[in-house]
Amino acid sequence: MAAPQFKNPVVRWIDYRLPVFTALHHEYNEYPMPKNCNYLWSFGAIAMVTLIIMIVSGITLAMSYTPSTTMAFQSVERIMRDVNSGWLIRYIHMNGASMFFIAVFIHIFRGLYFGSYKAPREILWMLGVVILLLMMATAFMGYVLPWGQMSFWGATVITNLFSAFPIIGDHIVTWLWGGFSVDNPTLNRFFALHYLLPFVLLGVVFLHVAAVHVHGSNNPVGIDIKGPQDSLPFHPYFTIKDTFGLSIFLLVFAGFVFFAPNYMGHPDNYIPANPMVTPAHIVPEWYFLPFYAILRAVPDKLGGVLAMFGAIAVLFILPWLDTSKVRSSNYRPIYRQFFWVLVIDCLVLGYAGGMPAEGIWLVVARVAAIYYFAHFLIILPLLGKLERPRPLPSSISEPVLKGGGHYPTAAAAKPMEKA
Amino acid sequence: MRAFKTLILAAALGLGLTGSALAAESAVPPEQEWHHSGIFGTFDKAALQRGFQVYKEVCSTCHAMSLVSYRNLQALGFSEDEVKAIAAQYQVPAAPNDAGEIVERPAIPADHFKSPFPNEQAARAANGGAYPPDLSLMAKAREHGEDYLYALLTGFEEPPEGVTVPDGMYYNKYFPGHLIGMPPILQDDSVTYADNTPATLAQSAHDVSTFLVWAAEPHLETRKQTGVKVILFLLVFAGMMYAVKRKVWADAHP
Amino acid sequence: MSDTIHPAGAGGQGGHEGEGTTRRDFLYLATGAVAAVGVASVAWPFINSMNPAADTLALAQIDIDLTPVQVGQSITVTWRGKPVFVRRRTEEEIASAASVNLAELRDPQPDSARVKQPQWLVLVGVCTHLGCVPLGQKPTDPKGDYGGWFCPCHGSHYDTAGRIRRGPAPLNLLVPEYAFLTDTSIRIG
């Protein structure tokens, strides 16, 4: 791969000493993308932009926020009422968390459908799971900061999960709290960590992007790039396509921020935290509901906690649980059906997680939780052996273009590691 | 495949229906007409001023509104001098004087609304053990928001057969559990409106609910107006990006 | 990225000469301009959020009772987070402030332009050099070579009208906006 020639002498001077421009050129300009990637592939870039929106709005909010139990609620309301455009920045941050999870969930299910976690992209996938975990921790601690009723009781319930561990459990909880209940020390450390973790997240995202650039992106057909006719340079084809996808995503985002800013929130969080009164019905934010349903589905305290963490742990080993060599569901007729059942199963879990844990909803949550694990631990390993995939095309271009023709050639034919 | 998709759809639908049936345990407040609802909704300034009068003369005897300042009242259409006059009606504790005593001074526009009680304990003691909650965020802190507030204020009724209402409690159709410590204090002609609007219960409940929405979300109008501009901008930008995308990709699909 | 030369170039790839290219270039430019406008309009609320908030601006006014201040005495009050000096000047101080030749001053201003009533001098007690609080309020403080205030940080001397006379400060001590409510009380701000 030839180093690009830069016209600008300053750029050339810098690049000769620190080849950042060459790196950018390779990774974001000529980087070969499979030409058949559809709009589902835009959600990685969309999630990245959302992360940046969250960091910028978060830093701005932190400039007006006071992490103290006596001032936190008022300082958030001061942002909403008195700080210039404070209401806008806070609603962006509040709804941005949900939009970030929407983008990432679509990104994850896209990976599940098209087998993006399979060799040689296992580490890429596992870094993605780490990102999800970091997001969950960050979102949870951020939700505590306004110090409303849901903040306080959410923090109490979730930190109490750790008391399930035998012997050391109670010590862990006391350590997390810095006291004997969720209180000022807890709020202070949650603020510190809520500020820190997004930058850790950014670092892992960097590794995630570096990993995807080693073997290139997967694609709807799920077979590797065979030659220049299969790929297009990232710029302008996918920069433009992703920006269009992003603009549609931002429309939805703006719809929430300006016309339904509290739709995904809970009214109880507009009541200041009261350690003496628990709200009648505690629910976490919607993005935690499937995991919350799994937690409550297990009648044993420790068992529930383990099952909830297990629901994410199972994703770590997914690349080895799926025994099929075929990546894309388009060529796996049976897996494709199970994929949609899993999607429904997760929606059912989410719904059950928002309902009171009693009667029919407990049964529904249990069935759905068992199915969730069965999908990964039983169905996927067996299916890879039993299913007969449909024949794969010989190249990416084949199903896209019947009979070939003249293709525009990507600047680099091969992914980066072969250079 | 088709049969399978139908099955999924049916399952999802069934789940949704059961869910909504289960959720309806207490009376759902009927939706009211609000000048401020909808994409282009703006506050009815006259209703806000009337609602403030209801809050000031009726609600504020028990309920605080500590997140709102007198200066905010200018948004209701009051002039700066009117706001100063309203604030000056209240006495608030001043900073310690040179002798270290805290004396009272008239409130200024920068002060927050004066609370009727110095603390929660005093409020409970004066209200038979019940704590009249702060109303600053009430319209956002309850499901169904202003519809619920209106329903609650107009929802006092005789208890049904077999329900005994303890002393100091009242029966309200829309309050969770139906037994509420607040008496039906808002009645026809509880206030005499400065603009001569007949102060029926329905009218004053509607006005004060509007005022409470403003108190909870003072930037509602700016938010919606900015939103319309942002959405229009994004529609134009998305349209242009689509055209650019079509042009750039034109030669990628021979 | 636009300053790289690549074989399979960005917009130009497979492009046709003439009208098509122009129309396409216009579309790219217009879209880029719209995007730039969008980013700039989003940036403003974030920057503006760091300006003083509505509650901060609302508290920018205070009333001061002057009755307890004797002739020759000074009091210090807090206004917008800064000290404000109020000095009840003696006849000699007024006379010395009024008799200065304006041509000698670094920041020429007659004494009459700095007071509303000659007896009362109201100043923001922040040195115009780098923001320290000058000495001279307490009877034991050094008052500098001109009988007013002396800034200990870098040695600026102010006279009895708060004007800079010697040292690095470029301007006179600031006179805040204020008005006499009665003969014995003022409102600052």
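Cβ atoms are placed via backbone N, Cα and C, with glycine included.
So that you can see what the record holds, here are the features copied from TrEMBL:
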type     : residues       : note
BINDING  : A:H93, A:H194  : heme b b562 binding site
BINDING  : A:H107, A:H208 : heme b b566 binding site
BINDING  : A:H213         : ubiquinone binding site
DOMAIN   : A:10-221       : domain 'Cytochrome b/b6 N-terminal region profile'
TRANSMEM : A:39-66        : transmembrane segment
TRANSMEM : A:87-108       : transmembrane segment
TRANSMEM : A:123-145      : transmembrane segment
TRANSMEM : A:157-178      : transmembrane segment
TRANSMEM : A:190-210      : transmembrane segment
TRANSMEM : A:244-264      : transmembrane segment
TRANSMEM : A:302-321      : transmembrane segment
TRANSMEM : A:333-353      : transmembrane segment
TRANSMEM : A:359-383      : transmembrane segment
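Taking the features listed in TrEMBL, we show where each one sits on the structure.
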residue: A:H93; record: heme b b562 binding site; CB count, 10 Å: 20
residue: A:H107; record: heme b b566 binding site; CB count, 10 Å: 21
residue: A:H194; record: heme b b562 binding site; CB count, 10 Å: 21
residue: A:H208; record: heme b b566 binding site; CB count, 10 Å: 22
residue: A:H213; record: ubiquinone binding site; CB count, 10 Å: 18
Other than its close neighbours in sequence, what residues sit by the transmembrane segment (A:157-178), given a CB gap under 8 Å and a spacing of at least six beyond its ends? 140, 185-186, 188-189, 282, 284, 295, 301-302, 304-306, 308
Can you tell me the three-state DSSP label for A:H208 (heme b b566 binding site)? helix
Of A:39-66, A:87-108, A:244-264, whichever stretch has the most CB pairs under 8 A to the transmembrane segment (A:123-145): A:87-108
Do any residues, 6 or more residues outside the transmembrane segment (A:244-264), come within under 8 Å Cβ-to-Cβ of it, and if so which ones? 39, 42-43, 45-46, 49, 88, 91-92, 94-96, 98-99, 103, 285-286
Quick check: of the binding-site residues listed here (A:H93, A:H107, A:H194), which one has the Cα closest to that of the residue listed as 'ubiquinone binding site'? A:H107
Taking the transmembrane segment (A:359-383) as the reference, which of A:87-108, A:190-210, A:302-321 gives the largest number of Cβ pairs under 8 angstroms? A:302-321
The rounded CA-CA distance in Å from A:H93 (heme b b562 binding site) to A:H208 (heme b b566 binding site) is 24
Hey, how far is A:H194 (heme b b562 binding site) from A:H208 (heme b b566 binding site), Cα to Cα, in Å? 21
